[in-house]
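A.B. asks: Next up is a structure, given as structure tokens.
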Amino acid sequence: MSENAQKATEFKNQGNAAFSSKDYNSAVKCFDQAIELDPSNHILYSNRSASLLALDKNEDALTDAKKAIELKPDWSKGYLRETNALYKLGRFEEAEKSAEAGLKIDPTNQQLEDALEDAQYATTGAKDPASAMANLFSAQNLTKLRFNPKTAPFFQQPDFVAIMDQISKNPSLFSQYIADQRFSTCLGVLLGVDINQGPGAPPQSQQPTPQQPTPTPQQPTPTPQQPKPTEAPKKPEAPPMTESQKERDLGNKAYAKKEFEQAIVHYDKAVELDSSDILAMNNKAAVLIEQQKLDEAIETCKKALEKAQEIRADYRVKSKVYTRLGNIYLKKNQLDDAYKAYSSAVLEDKNADTTANMKKIEKLKKQRDDEAYLSVDQSIIEKNKGVEHFKKGEFPEAIKCFEEAIRRNPKDHTIYSNRSAAYSKLLEYKLAIKDADKCIELEPTFIKGYIRKGTALFAMREYQQALEVYDQGLRIEANNPELLDLSRKTVAALTKLQSTLTDEERLQQAAKDPEIQKILSDPIMNQILKDMSENPAAAQDHLKNPLIMAKFQKLVNAGIVKLG
């Protein structure tokens with residue numbers, strides 16, 4: 001390691017210590033100095049981003065997060081920093097995209113999953129405040145409030161219970177009660193902020209100063225004697241460390257300096273002095289992991305657990321050892337053993353960390369099991385069984401076979417096409433469309449996918465959408481006879497339907513289509529339609545633009561614009 005890199009590491013460690021002490025300004029200065037010495041170290045920018053975010057310097061935090069991603073695009077923590085900064089800036093949709101990008105790199109990262117959930121929730125709230133409030137005052141959150149020490153007393157007050165009941169039924173009423181300190185306290189608890197403690201608010205312990213009575217000349221008010229300040233009770237001193245704890249502490253310091261052999265010496269000494277020092281054994285296992293001595297680390301954890309069982313150690317300590325054991329098994333790709341260890345950790349102490357580990361291992365086990373289940377040959381066998389059932393009109397049985405075929409080979413687009421056809425036979429048109437979409441996604445040039453989707457839409461009397469799907473297929477294979485025939489039938493059905501509708505009914509039906517809504521709400525398109533109605537010669541100029549032509553044709557097909 002170069003001299004500059006060594007100095008940068010020292011400044012980084014100082015910055016980390018300052019951050020842990022919540023001295024964020026000092027942390028930023030340390031990371032500044034470290035970056036000057038080692039400007040290509042992505043971790044330094046990530047750490048400075050976290051410090052800047054804690055100081056509410058959100059734009060600067062975002063800049064550092066982007067730099068970390070630039071230097072190390074395959075590092076998920078860079079995306080976590082970016083997501084957090086974007087979230088604090090109120091750019092929720094961008095935060096959502098950043099979290100998704102990070103999860104592509106590290107699909108089991110619980111922090112990114114939580115950040116994505118927060119961003120999605122905030123995005124929903126930004127678009128639909130009433131929906132966000134409905135989520136905020138859900139039954140689950142009301143239960144939290146009933147058991148929170150700050151808010152539990154409010155639920156003993158009938159008027160407050162009535163308020164919360166009204167807001168639960170109609171979240172849009174929340175603004176009427178925001179001035180109620182009880183309600184704002186509840187809101188603060190749910191949002192994780194102290195709403196009643198604004199920038200200019202007095203401390204909660206401070207009481208309003210009573211107005212002094214005006215003294216009269218005859219009877220001057222005596223000056224009250226100032227009470228003597230009472231001394232704050234002294235905190236009890238921590239008990240002195242045992243010799244074993246001192247050795248363990250020395251081991252921790254050596255570990256922090258990456259002096260692993262020295263750390264093991266101290267941890268062994270700690271256990272020699274106190275055979276019940278489970279934490280020293282657990283810490284030794286951490287050192288062995290760093291040294292890639294995984295089997296030895298497993299044995300150390302098992303000995304620690306045996307001792308913990310013998311002395312009936314604290315459940316939190318046992319949970320830590322089980323977690324470390326699970327981490328080792330995960331490194332060795334022994335997922336079943338890791339699952340058992342993590343399960344035991346949850347049983348001992350169910351908290352955010354142990355729960356996150358369980359989710360991670362369950363996801364990994366499912367991925368492994370799904371991959372082990374893959375078989376192209378077996379998929380073909382199940383697919384052929386499904387085709388035979390389909391020919392006999394046994395559509396539920398056909399679907400079961402196609403489902404099994406997909407499990408065996410989820411990348412075969414033809415199976416989704418077959419299942420789509422079976423769903424259509426059972427009048428499950430939405431499921432048929434979903435399978436057709438998947439088929440098109442996997443193989444965009446497969447014409448059957450467009451035929452399946454268009455047929456389902458036709459059956460739902462969604463003629464306009466069916467025409468668009470057939471048109472997509474014809475762009476790939478312009479002379480496909482089946483697509484051409486289906487398009488003609490759909491045009492005929494659409495014409496017949498529109499001829500029986502009044503103008504008002506036609507508009508109502510067209511308004512259900514989101515694309516038509518968008519076209520009709522476009523001020524530029526409205527102006528173009530006005531120009532075309534007032535000056536038909538202008539139509540030719542406008543329709544030279546392919547985008548305008550496509551929108552215009554959609555309005556014609558929907559019967560909103562009539563020609564001739």
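Note that the numbers count up from 1, one per residue, in the order the chain is shown.
Using N, Cα and C of the backbone, Cβ positions are placed for all residues, glycine too.
The repeat 'TPR 1' annotation in Swiss-Prot covers 8-41. Residues annotated as repeat 'TPR 2' in Swiss-Prot: 43-75. Look at Swiss-Prot and you will find 76-109 tagged as repeat 'TPR 3'. The domain 'STI1 1' annotation in Swiss-Prot covers 139-177. Per Swiss-Prot, region 'Disordered' is recorded for 197-249. Among the features that Swiss-Prot reports, compositional bias 'Low complexity' is placed at 197-209. Residues or ranges marked as compositional bias 'Pro residues' by Swiss-Prot: 210-227. Annotated repeat 'TPR 4' per Swiss-Prot: 244-277, in sequence order. Feature annotation from Swiss-Prot assigns repeat 'TPR 5' to 279-311. Positions annotated as repeat 'TPR 6' by Swiss-Prot: 319-352. Feature annotation from Swiss-Prot assigns repeat 'TPR 7' to 379-412. Residues or ranges marked as repeat 'TPR 8' by Swiss-Prot: 414-446. What Swiss-Prot records for 447-480 is repeat 'TPR 9'. The domain 'STI1 2' annotation in Swiss-Prot covers 513-552.
I'd like these features described in context: how deep, what's nearby, how far apart.
C.D. replies: Taken together, the residues in the repeat 'TPR 1' (8-41) have a mean pLDDT of 88 on the 0 to 100 scale.
Beyond the ends of the repeat 'TPR 2' (43-75), by six or more residues, the same chain brings 8, 12, 15-16, 19, 22, 24-25, 27-28, 31-32, 34-35, 81-82, 84-86, 88-89, 105 to within a C-beta distance below 8 angstroms of the stretch.
Through the fold, the repeat 'TPR 3' (76-109) approaches residues 42, 46, 49-50, 53, 56, 58-59, 61-62, 64-66, 68-69, 115-116, 118-120, 122-123, 126, 359-360, 363-364 of its own chain, all at least 6 residues removed from its boundaries and within a Cβ separation under 8 Å.
Note on the domain 'STI1 1' (139-177): DSSP counts are 32 helix, 0 strand, 7 coil.
Shown for the repeat 'TPR 4' (244-277): DSSP residue counts in helix, strand and coil, namely 27 helix, 0 strand, 7 coil.
Long-range contacts of the repeat 'TPR 6' (319-352) within the same chain, counting only residues at least 6 positions beyond its ends with a Cβ under 8 Å from a Cβ of the stretch, are 278-279, 281-282, 285-286, 289, 294, 297-298, 301-302, 304-305, 308, 358, 361-362, 364-365, 368.
The DSSP breakdown of the repeat 'TPR 7' (379-412) into helical (H, G, I), extended (E, B) and coil residues amounts to 27 helix, 0 strand, 7 coil.
If you look at the repeat 'TPR 8' (414-446), the same-chain residues 6 or more away from its ends with a CB under 8 A from one of its CBs are 379, 383, 386-387, 390, 393, 395-396, 398-399, 402-403, 405-406, 452-453, 455-457, 459-460, 476.
Here the repeat 'TPR 9' (447-480) has long-range neighbours at 413-414, 416-417, 420-421, 423-424, 427, 429-430, 432-433, 435-437, 439-440, 486-487, 489-491, 493-494, 497, 510, 513, 554, 557-558, meaning same-chain residues at least 6 beyond its ends whose C-beta is under 8 angstroms from one of its own.
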